[in-house]
Amino acid sequence: MTAYPAWTPAPRPGIVPLHPYGFGVTLGRSFTALRQNPGVLLGFALGVQALAFLVLTLVTGGVAFAAFSRLDTLMEGTEEFEAVLAGSIALTAITGVVLSLAAGALGVLVQGIVVLEVAHAVVAERLPLRALWRRLRPVAPRLVGYAFLVLLAVAVVVAVVVALLFAIGAASPPLAVLTGILALLGAIPLTLWLNTKFLLAPAAIILEHAGIVPALRRSWHLTRTRFWPTLGIIVIVSLTFSVLAQLVGLPLQFFTAGLTNILTPTGEPDVGFVIAFLVTAVITQVITILIQCVALIVQSTATALVYVDCRMRHEGLDLDLLAYVEQRDGGATELADPYRVHIGRALAPRPPVFAAPSPYPGSPAGASAFPAGPAGLPPYAGGFAAAPSWPAPSGAPRPGPPAAPPPPAPVGTAASQAPGAAASPATTWAPPGAPAGPRQP
């Protein structure tokens, strides 16, 4: 009996096609990926951001209350009062900065969960939060370290620039102002360039388990030929959520100002005003956190999709993903992670498909559509070259000379007879039963 292979259904479509895609697909899927697994992505992001906000608010408020409460025991205007006031302000500011950095580190963990979710959505897989966290946990310290390294580099650069401005301002304040404006104008393109070149470093840490420095090198290499599309995606997503935050925040600010004028027409707040103000502030903060969470998810999704597209173009990741999908749908188990199979593989560039060239408009008739060759050589005529003439094998008989043409037809008597003369027939017809012999006229 002949065995036939079992029928397998067509592979399930993922979030993006398994071939290199363009700017439009990346941008569109960045906004629609949240619908694939909203409970995991939005729920985890909201939980982390809410926790970070509560810790930041409570701890900073507690430190500020404890620091500034000492001022009640001192006389205002004395040197001791001024020293305690300056120390309280510095302590509160340092606490807020440290906790903000910690909140940023928690935001990096949200980005890690989103990148893993998108990487599985590319091959039409949907994992629960526990499975995603299990995959993120080995690289979480490295990811947080990368975030702190970036913040430290930014802090050092800002501190150096501020110190230089103060030094210049001590000698010439107008020159310091001019230098500050030039530094600000130069920092904008520099920041965009560095953010674009190192955008894929977190994705390399998460999906390839790369170190911090190798991840930076990987991001620099992968964005080598995709700089402008990547920059365009970053700018569009950032501007979209900035405008959205302004559209939501301005009505709330107007509402708060109007509520203040209604509840305190004389300028003296009462209990009702305080309660209304707190409720409005809480609603504003909740909406702000929600917008920040959605923005973080969309930006992280865009980062993951740009990473996948760059690896498809540079390393043929689409081939590994297709092989993984076929083996998985065929019933194979214990498959290797397709994102870690051929890291750094170099492929020949894929040639684009061009139509047959045609002569340029205005060129003379019969001109070649191909460019002229080197000096002294005719232009390339296109098409295929003629078949080469191979020599005859040794010992083979040589063909003889061509046969002579046949002689012309002889000039017959029929051609020389008079026009009215009739030729004698070769045979004489006689009816049946007549005697044989020539017919007499």
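Cβ atoms are placed via backbone N, Cα and C, with glycine included.
Residues or ranges marked as domain 'DUF7847' by TrEMBL: 26-294. Per TrEMBL, the feature transmembrane segment maps to 39-69, 89-122, 143-169, 175-194, 227-252, 272-298. The region 'Disordered' annotation in TrEMBL covers 388-441. Feature annotation from TrEMBL assigns compositional bias 'Pro residues' to 390-410, 432-441. The compositional bias 'Low complexity' feature in TrEMBL is assigned to 411-431.
Comparing 39-69, 89-122, 143-169, 227-252 for CB pairs under 8 angstroms to the transmembrane segment (175-194), the maximum falls on 143-169.
Away from its own ends, the transmembrane segment (39-69) comes close to residues 87-88, 91-92, 95-96, 99-100, 102-103, 106-107, 109-110, 113-114, 117, 128-129, 132, 285, 289-290, 292-294, 296-297 of its chain (Cβ-Cβ under 8 Å, at least six residues beyond either end). Cβ atoms under 8 Å from those of the transmembrane segment (227-252) belong to residues 22-23, 26-27, 30, 192, 195-197, 199, 280, 283-284, 287-288, 291, 294-295, 298-299, 302, 306 of the same chain, restricted to positions at least 6 beyond its ends.
When pLDDT is averaged over the domain 'DUF7847' (26-294), the result is 84.
Remote same-chain partners of the transmembrane segment (89-122), defined as residues 6 or more beyond its termini with a Cβ less than 8 Å from a stretch Cβ, comprise 14-16, 18, 33, 36-37, 40-41, 44-45, 48-49, 51-53, 55-56, 59-60, 63-64, 67-68, 129, 132-133, 135-136, 139-140, 143-144, 146-148, 151, 202-203, 206-207, 293, 296-297, 299-301, 303-305, 307-308, 321, 339.
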